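Student: Once you've had a glance at the structure underneath, I'll fire off some questions.
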């Protein structure tokens, strides 16, 4: 009887544990993993580059660069990428 109760408690714990510890970011991965083979292929094609900011996008934070034909212009409200 005691063994049965212990087994039931363990089974309940094991079924509830993943629900308690689960992260609520389901299907919201920001940077999906890229296989090494794909990464090498993109590097050879020159497509593995940092994203640049387009016209009228904010460029105030460090590390954010405007695309090659744009420049970051600071105004009273912040900074945006302009031609």
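Cβ atoms are placed via backbone N, Cα and C, with glycine included.
Values in this document were obtained by computation on a predicted structure and should not be read as measured data.
This is the feature table in Swiss-Prot:
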- 52-67: disulfide bond (DISULFID)
- 59-72: disulfide bond (DISULFID)
- 66-81: disulfide bond (DISULFID)
- 1-22: signal peptide (SIGNAL)
Student: Sequence gap of 6 or more, C-beta under 8 Å: which same-chain residues meet both conditions with respect to residue 72 (disulfide bond)?
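Tutor: When sequence neighbours closer than 6 are ignored, residue 72 (disulfide bond) has 53, 59, 65, 66, 79, 80, 81 within Cβ distance under 8 Å.
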Student: What residues, ordered by sequence, lie under 8 A Cβ-to-Cβ from residue 67 (disulfide bond) and sit at least six positions away in the same chain?
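Tutor: In sequence order, 52, 53, 54, 81 meet the Cβ cut-off.
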Student: Tell me, if you would, which residue among 52, 59, 81 (disulfide-bonded residues) has the fewest other CB atoms within 10 Å in the structure shown?
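Tutor: Among the disulfide-bonded residues 52, 59, 81, the sparsest Cβ neighbourhood within 10 Å belongs to 52.
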Student: Could you tally the C-beta atoms, other than its own, that fall within 10 angstroms of the C-beta of residue 66 (disulfide bond)?
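Tutor: Excluding its own Cβ, the number within 10 Å is 20.
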